[in-house]
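Inspection log for the structure reproduced underneath, given as structure tokens.
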Amino acid sequence: VRMANASFPAYFILLGFSKWPRLEVALFWIVVVFYIMIVLSNSTIIVLSRVDSHLHTPMYFFLSNLSLLELCFTTTTMPQMLSNLWGPDKHITYTGCIIQLCVFLCAGATECILLVVMSFDRYVAVCQPLRYPIIMHWPLCWKLALSAWLSGLTESLILSPVMLQLPFCSHHRLDDFLCEVPSLIRLACGDTSSNEWQLTVSSILFTMVPVGLILTSYGYIARAMGRMQSEEGRQKAVSTCSAHLLVVFMFYGTVAMVYTDPKTEFASQNGKFFTFFYTVVTPLFNPLIYTLRNKDVKSALLRQLRKRIRP
């Protein structure tokens with residue numbers, strides 16, 4: 001019989017991939033390489049968006065917000081993940097778990113809304129090119145970015161306290177490598193139906209609704225691209241939009257699989273693999289897909305390097 005602990009636990013044990021010690025060693029070095037690349041690529045985008053006047057546009061303003069999110073997201077999870085993968089100590093303190101859960105929820109929910117904002121920006125750029133500077137003025141851009149961050153903060157402030165008051169089983173073992181809502185629900189010994197319902201509603205609001213809005217935007221974009229006279233303009237629009245859609249499906253798809261119904265057998269057995277994907281792989285793909293293959297970013301990087309090298 002699993003006993004519930006009424007008091008707050010002093011720590012949790014993150015089981016992670018401890019069943020596969022050899023896999024842990026390989027994953028440790030993969031995560032190290034990915035973390036370095038994530039920090040360098042996202043930091044590059046933030047710095048370039050600030051210092052290069054050619055990138056002072058709404059698109060790169062939103063991309064720099066996305067890069068800042070990815071840095072918050074990964075810095076909250078990856079150091080703990082590396083500690084978990086490297087040695088036998090799988091503990092995380094209760095306070096550490098609270099901080100990780102709050103920041104993780106805030107950054108994740110903010111990204112869900114920010115990707116919608118970015119799809120709206122692309123919709124205006126492709127479908128209303130002449131009115132783009134009038135519609136996407138800087139006060140609106142700041143309001144849209146702030147709305148995304150406030151949405152994430154609200155989601156975190158609502159879900160985090162509720163999840164941390166669950167009656168956790170006395171063994172305190174989380175079958176995950178970080179503190180996130182689905183694994184905390186699976187650790188609870190009492191009735192979690194209301195928590196699961198709350199999580200399902202949140203998942204719909206932050207994954208399915210945004211995906212619907214994004215697909216609607218890109219439906220209009222696809223129709224506008226079909227009417228374009230310029231072959232070069234059409235190719236540029238197709239390249240940009242296909243890259244954005246790839247990120248959308250990678251991120252929302254994996255998140256929805258873990259969060260929509262956390263107690264299903266599929267989510268219980270495979271959840272941590274999907275979590276690994278959207279905490280390690282997606283944050284690296286975002287800068288690579290969105291900008292580092294983009295001519296504007298490459299030109300900006302070369303301009304800044306020439307300025308630094310030139311005596």
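Using the three backbone atoms N, Cα and C, a Cβ is placed for every residue, glycine included.
Automatic, uncurated: that is what TrEMBL annotation is.
Bear in mind that the values here come from a model prediction, so they are computed numbers and not experimental data.
Taken from TrEMBL, the feature domain 'G-protein coupled receptors family 1 profile' applies to 41-290.
According to TrEMBL, the feature transmembrane segment maps to 26-48 (among others). Taking Cβ pairs closer than 8 Å, the transmembrane segment (26-48) reaches residues 17, 55, 60, 63-64, 67-68, 70-71, 74, 78, 81-82, 85-86, 276, 280-281, 283-284, 286-288, 291-292, 297, 300-301, 304 in its own chain, all 6 or more past its ends.
What TrEMBL lists as transmembrane segment is 60-78 (among others).
What TrEMBL records for 98-120 (among others) is transmembrane segment.
Among the features that TrEMBL reports, transmembrane segment is placed at 140-164 (among others).
Taken from TrEMBL, the feature transmembrane segment covers 201-221 (among others).
If you look up TrEMBL, you'll see 242-260 (among others) marked as transmembrane segment.
As annotated by TrEMBL, transmembrane segment applies to 272-292 (among others).
Looking at which of 60-78, 98-120, 140-164, 201-221 has the most CB pairs under 8 Å to the transmembrane segment (272-292), the answer is the stretch 60-78. Within the same chain, the transmembrane segment (201-221) stays apart from the transmembrane segment (60-78): fewer than three Cβ pairs sit under 8 Å, each pair at least 6 residues apart.
Non-local neighbours of the transmembrane segment (242-260) in the same chain are 108, 111-112, 115, 118-119, 122, 180-182, 199-200, 202-204, 207-208, 210-211, 214, 218, 266-267, 270-271, 274-275, 277-278, 281-282, 285-286, 289-290, 293; each lies 6+ residues outside the stretch with a CB under 8 Å from one of its CB atoms.
Within the same chain, residues 8, 58, 61-62, 65, 97-98, 101-103, 105-114, 117, 120, 181, 184-185, 195, 198-199, 202, 206 sit at least 6 positions outside the transmembrane segment (140-164) and bring their C-beta atoms closer than 8 Å to a C-beta of that stretch. Within the chain, the transmembrane segment (60-78) has long-range Cβ neighbours (under 8 A, six or more residues past its boundaries) at 31, 34-35, 38-39, 41-43, 45-46, 48-50, 99-100, 103-104, 106-108, 110-111, 114-115, 117-118, 121, 141, 144-145, 148-149, 178, 279-280, 283, 286-287, 290-291, 296.
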